[in-house]
Amino acid sequence: MARKMLIDGELEKHSEEETRYDFDLFVIGAGSGGVRASRFSAQYGAKVGICELPFHPISTEVIGGVGGTCVIRGCVPKKILVYGATFGSELEDARSYGWELNEKIDFNWKKLLHKKTEEIVRLNGIYKRLLSNAGVKLFEGEGKVVGPNEVEVIQLDGTKISYSAKHILIATGSRAQRPSIPGQELAITSDEALSLEELPKRAVILGGGYIAVEFASIWRGMGATVDLCFRKELPLRGFDDEMRAVVARTLEGRGITMHPGTTLTELVKTEDGIKVRTNHGEELLADVVLFATGRAPNTKRLNLEAVGVELDKTGAVKVDEYSRTNLPSIWAIGDVTNRMNLTPVALMEGTCFAKTVFGGQPSKPDYSNVPCAVFCIPPLSVVGLSEEQAIEQANGDVLAFTSTFNPMKNTISGRQEKTVMKLVVDGETDKVLGASMCGPDAAEIMQGIAVALKCGATKAQFDSTVSGPTFQSLCSSLCFSAFISFFTCL
C-alpha cells in the first residue's frame, strides 16, 4: 500500500522505485509510547519491528522489560502500594463507624510485594501479546542507532544483528538520577523502593516532586517514620502554590516530618542504620534513604549523536511539533524527549506519530489541559493552569475560587483533614483556565473536569450545573458539577 509521510509540513512525494528496507518502522523501546506507536503503525499496514531490554522489576542500562517504566516500575506498582498504604488509615477510621477492631492488625509487606510482582509480570505478558496480535516483531535485546536507516540489536547471547528501516522511532523513556553525595551508594531510587525485600521502619527521602511525596505517603501509611527533605519552602514545585501548601499540611498531619530548605550532604553506614547528614547540621538515622531527585532521558547508549541526532543539554532528543528529529527518518516520543513526561502523553504522541507517518493524517500532540495526579494520601490532581501561571500569561484579571471543607466521612471519623478545591478563571471571558483538588478521589474527579476545560467551559456553566444531593453532601457541588458541565458546552 502507498504511505504518506509529512516532510516540513508537506506530504512526501514518492518515486516509483523505493529503497527496500527490512522494516517500514523500527522502534527502540517498548514502553507505553513505543508499544502504542508500533501497534497503530502496524494497523496502517506498516511492517514494524521493536526491541526492548529483558524484563526485571529493577532497571539498569541493560535491563528493562516490555511495558516500560509505567507498567513495571512506575505508575502501576506505585499505585498498588498506595492502595496498600491507604488501608491503614481506613481501618483506623472504621472504628468510628462501629467496626470493632479489638486486636492489633498486622501488615504483611512481603505478601503485598509478591502480589505487586505478580501483577507487573501479568501486564508484561499482556503487552507482549498486544504486539504479537498486531503483527509487530519483538526483539529482546539492546537497540542502538547505527545510521539514519539502520539499527543494531545486541541479543541476549551477545550477538549483534542489524536491520534497515525506513523510519526509526526512539521511545526509550527515562531513568532515575542519583545526586553526587558522599555515600550515595547507600541510597536507593524509586526502582529499588518498589521492590524492597523488607519494609523500612525509618525512611529519609530527598526530593520534593511526585515520587518523593508519594513514597513518603506510602511508607508512612505502612507505619514507618518518614523524614522528607526538599530544597524549596514547599514540595511539588511547579504546582499551584496554594495547593502545595495544602499538600504540605496534609503530609504533616499524617505524621511525616518535613524538612524544607534542606538537602543531604553525606550518608554514612553505621551499626544502627544509615546516618544522614543535612546542610543544616542535622543527623538523621534511617533504614532506607530514597533519592527522588528527578529522572534523565535514556539516550546514553543509543549512539544518537554519532549519527547526527541532536540532543539538548539534559540528553533529551530534540524533536519538532510532529516528534521528528533533525534527521527526517528518525523520530522520538515519550520521556526521552523530555516534553511532558506522563504516560498518557506518551500514548498520545505515539498515536500522532502513527497517524502522521503511516496514516496520511499529519497530527500534532496537543499538550493543553492534560490532567495529572500526585498520589500522596489523599491525592492532589490538577488540570490547566495554576493561579501563578494564569497571572503570568493573562492580559487581564485572573479570578481564583477556592472551596475548603471537611469531607462528610471525616465528620464521623474525626480525622482533621480538609479537602480543598480551586478554580482559576479568566476575569474577562469567564473561561475556566485551571482546576485543582486535594482530597479523596481527586484524580478521578479531575479527569471529568479536564473534559469541561477542553470544551472551553466557563465559570457560569460550572455554577449552573446542578449536582445531586448526595454528591453535594459528600464533597462540593463545585467539583462534581464539572463532571457533567461539559455537556452544557456542546
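Placement of Cβ uses the backbone N, Cα and C atoms for every residue, glycine included.
Residues or ranges marked as domain 'FAD/NAD(P)-binding' in TrEMBL: 23-350. Residues or ranges marked as disulfide bond in TrEMBL: C70-C75. Taken from TrEMBL, the feature FAD binding site applies to K79, G143, T172, G173, S174, D335. Residues or ranges marked as NAD(+) binding site by TrEMBL: G207, G208, G209, Y210, I211, A212, V213, E214, G294. Taken from TrEMBL, the feature domain 'Pyridine nucleotide-disulphide oxidoreductase dimerisation' applies to 370-467.
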Cβ-centroid neighbours of NAD(+) site G207, G208, G209, Y210, I211, A212, V213, E214, G294, 8 Å, sequence order: I205, F215, P235, L236, A292
Cα separation, S174 (FAD binding site) to G294 (NAD(+) binding site) (Å, whole number): 10
Whole-number Å value for how far K79 (FAD binding site) lies from V213 (NAD(+) binding site) (Cα to Cα): 13
Greatest C-beta neighbour count within 10 angstroms, which of the binding-site residues G173, G207, G209, G294: G173
Per-residue pLDDT averaged over the domain 'Pyridine nucleotide-disulphide oxidoreductase dimerisation' (370-467), given as an integer: 95
Counts by DSSP class (helix H/G/I, strand E/B, coil) across the domain 'Pyridine nucleotide-disulphide oxidoreductase dimerisation' (370-467): 32 helix, 33 strand, 33 coil
Sparsest-packed of the listed recorded positions (C70, C75, I211, V213) - C-beta count within 10 angstroms: C75
Residue among recorded positions C70, G207, G209 with Cα closest to the Cα of D335 (FAD binding site): C70
Cα distance (Å, whole number) from G207 (NAD(+) binding site) to G143 (FAD binding site): 32
Sparsest-packed among the binding-site residues, when each Cβ's other Cβ atoms within 10 Å are tallied, from T172, S174: S174
Spatial separation of I211 (NAD(+) binding site) from T172 (FAD binding site) - C-alpha basis, Å: 20
